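What TrEMBL annotates here:
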BINDING   A:Lys549  ATP binding site
DOMAIN    A:14-623  domain 'Aminoacyl-tRNA synthetase class Ia'
DOMAIN    A:671-827  domain 'Methionyl/Valyl/Leucyl/Isoleucyl-tRNA synthetase anticodon-binding'
DOMAIN    A:888-950  domain 'Valyl-tRNA synthetase tRNA-binding arm'
MOTIF     A:40-50  motif ''HIGH' region'
MOTIF     A:546-550  motif ''KMSKS' region'
Amino acid sequence: MEKTYQPEQIEIRWYERWEADGRFAPSGEGEPFSIMIPPPNVTGSLHMGHAFQDTIMDTLTRWKRMQGRNTLWQVGTDHAGIATQMLVERKVAAEEGKTRHDLGREAFIDKVWEWKHESGDHITRQLRRMGASVDWSRERFTMDEGFYKAVQEVFVCLHEEGLIYRGKRLVNWDPTLHTAISDLEVENRDQQGSFWHFRYPLADGVTTDDGKDYLVVATTRPETLLGDTGVAVNPADPRYASLVGKFIELPLVGRRIPIVADEHADMEKGSGCVKITPAHDFNDYEVGKRQDHMLINVFSKDAAILERAEVYNFKGQPQPDVDPTLPAMYAGLDRFEARKQIVADMDALGLLEQVEAVNNTLPYGDRSGDVIEPLLTDQWFVAVESLAKPAIEAVENGDIQFVPKNYENMYFAWMRDLQDWCISRQLWWGHRIPAWYDAEGNIFVARTEQEAREKHGLGADVTLTQDEDVLDTWFSSGLWTFGTLGWPEKTPELETFHPSSVLVTGFDIIFFWVARMIMLTLKFTDEVPFKTVYVHGLVRDAQGQKMSKSKGNVIDPIDLIDGIEIETLVEKRTGNMMQPQKAKAIAKATRQEFDGGIEAHGTDALRFTFLSQATTGRDIKFDMSRLDGYRNFCNKLWNASRYVLMNAEGEDCGAEFDNDKSSEVELSLADRWIISQLQKTEAQVTKAMEEYRFDHASQALYEFVWNEYCDWYLELSKPVLWDAEANDAAKRGTRRTLVRVLEAILRLAHPMMPYISEEIWQRVAPMAGTFKGTNDSIMVQPWPQAEQAKVDEQATLDIEWLKGVIIAVRNIRAEMNIVPGKPLDVMLAKGRPEDQSRLESNRLFLSKLAKLESVTWLANPDDAPLCATQLVGEMEVLVPMADLIDKDVELKRLVKEIDKQDKLIGGIEKKLGNEGFLAKAPEAVVEKERGKLKDFQAARKLLLEQHEKIQAL
RNA sequence: AGGACCAUAGCUCAGUUGGUUAGAGCGCCACGUUGACAUCGUGGAGGUCGGCGGUUCAAAUCCGCCUGGUCCUACCA
């Protein structure tokens, strides 16, 4: 073995080997366990969030596989409608100077497929680097033929049931992308805005009670004035009671609009009068509906002012009787231009009463960054109410459980206030909506045009055109758990692996995806999509900032694995930016944070870091120093293995002797102890994994490997192995323990650190007798199970004693500035009989580990010469110091120690002096305190004696 | 405005049903390298558990209020 751990030499090799050996496919045996990967964007690349998520999924998958479950980790990607289309549009623009419209729909779609083929395996390659044990043979893409079939089936069925409908409704419209987006794709940002107060003249010579001939309405969006259909006042507002039923003459437009009473108007706010614009505001839409107003749309798809308004009733029917005339001077003006102009014109008319500065929030499209406009358009919707009910129940009754549990509240809150879901998108890349129209605009929904004709008896003479729009990507990913398994066919995979066992996902897409999956899956399979939802937090940068390309603080997980030069990193972060003006600052910050670039750490160290930070659903600040630390841990494990191999390879490791009582194999105290500790660790790690506490699982492993196996057991093995006089059975016992415990460690580690564990296991397993032929792999070994019978409490106590004495001697060395290598003569005094017997049976270990010349039991403590002392329980560890002792230093140390004991004693005495405590605390607690008091007092007494002795010098 | 979550060592975080001498890693200080590992070893310093109040014999842990932070939902006519 190499002297240091070098991940790059082993990782790719092992992944290729596993894949070639078909290790990732379900075994076909055992109780099924399945995880469906949240499909990443097919043309995307792996970011830290993916890497984190994939680590968790792979750890669960490998763990369950080792537990003998029939394990499927289903892999695949989604087509990411808007994101991919935008990317290809930009690419086409850059390369050919053309828009998608120049190319036409078909040619453009070809371009997207080309791009998919070109870049589509990037993310899957990265998944492989992460060690993901996904079943590549079952890889799915949402735009695959088979998956499309599932999408059509669902659409048609829902439509037949009346749960999908088409309607003219207000949607969040992205004027840049020219498509509807869901409210989840809208980002609300705070900003400084203006609040314009306008005077709306009363028609027909009417005046207010206080004699004014106008009402004041305020708005943050003056340009919508053109679409006003009325002014609302609160029905209980005495100020305007006399005006209800009267009219306003809408300025600039000249339209007569009614004053209506509606509870939407808040008497406390502003003047108490609200302008109503049903076609441009979600609240006003509701008011307009109640008041039987028209919908007057004044915006084009670009959010520019129309020449003539479009007028509809609330059924979406055009209203030719309403005069659609709009002022000519605004026609074609962009909404923000129009706003300026309208404000200026109102001012000129003396109708601008005041402009107030306000803090408000504005909706932005998370893709385009443009301000979202509520716009009246024809869209397809899913009526979610009847779907939501069972979806809520599934979580309420525990069929689906969230981990951590508090996310269930977030889910309920959203589900109980659900709007119908707009599923059509005005894009080209996606699942085309399976609906056809005849010349009159009649709608025929079917799986194919052929079916549409047959179903509705349409002759060949009827021209049908398919709906131009595509479906929201989340509509198709909502079918992911069962669509990937072959639905609507009744496949054996569907039978076996659905419902899936766990969904691992970020909280940010609970609404987007999780909720919709639950609704659609229950509807179409009568099963939940998954039994558990493990929700993890966001991976943030070291400062706690969200990682984003525009901030220039993203880290490519692959760069943490392979390392990256600083110049390459700067280039990567500042190249191809949307906002190039930020490049300089980003370069500077990057150079500051990653001075010498990033070193290679390997996949296992990265995975272990993620796991150790995976606490209960909170965000994680990615910490480079922890990554360093876990790479060191890999190295530690590597070197411990090196030691084991050096001492065991080619030697008799007793693999064939299974009976520990056999005279052929003799186990030392240390052997029994480490075996005992291993059982506890196995139990701990398993429990932690069951509870999704990967931080606890990784920590339990780390502590056992480093602080017990390496720090103590390996050291304790040396005296046995290097003792020329030790018998063969003892050596065999120690070698066997070294090897078997290491082999178990590797199996415990494997789900978390697949590569290093496999690499070492290949060398260790043959000696441990667990290797079954040349093609064997740790991936299919049984998960370690704690055996209660091997827990040896006596051995634990004995080793604790031994460690205590060794540490006491080390302490004395440090206190007295004695070099670590100098052999010492040590005496043990006071204490109990078992202390003496422990000394006799551990003399060898003690001498070697504490580097002692001699160690003797002092029957009469008064015989002790002048010594430095330490306490182990009630026993004193004495190192004769003769004239070497520094009186002042030692006195000071003792005083400090005595003070410490005094404080402890004081605390307990106070407790025990409290009658309430004695009366009400459980007896066991009281007893424990009494015991502690006794110990502390005994320690204090010894320290005091020692102090007096030295004082007397 | 409503809600959720968070606040523990210089940093990143654990701390299960109240009873621990409040822990880990990293960092820091001192010492140390012939026999697995300097990606290391040994020893050490460092915390009034955000603040105030309450419940209790006992609070980092339970309750209330406050402060600071993150996020979500709503509103902003």
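Using N, Cα and C of the backbone, Cβ positions are placed for all residues, glycine too.
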Residue numbers, six or more beyond the limits of the motif ''KMSKS' region' (A:546-550), whose CB comes under 8 Å of its CB atoms: 47-48, 538-540, 577-579, 582
Distant-in-sequence neighbours of the motif ''HIGH' region' (A:40-50), which means Cβ under 8 A and at least six residues beyond its ends: 77-80, 83-84, 87, 115-116, 119-120, 122-123, 126-127, 130, 141, 506, 538-539, 547, 554-558, 622
Segment confidence, the motif ''HIGH' region' (A:40-50), expressed as mean pLDDT: 89
Counts of helix, strand and coil residues, the motif ''HIGH' region' (A:40-50), according to DSSP: 3 helix, 1 strand, 7 coil
Summary of DSSP states over the domain 'Valyl-tRNA synthetase tRNA-binding arm' (A:888-950), given as helix, strand and coil counts: 60 helix, 0 strand, 3 coil
Tally of DSSP helical, extended and coil residues in the motif ''KMSKS' region' (A:546-550): 0 helix, 1 strand, 4 coil
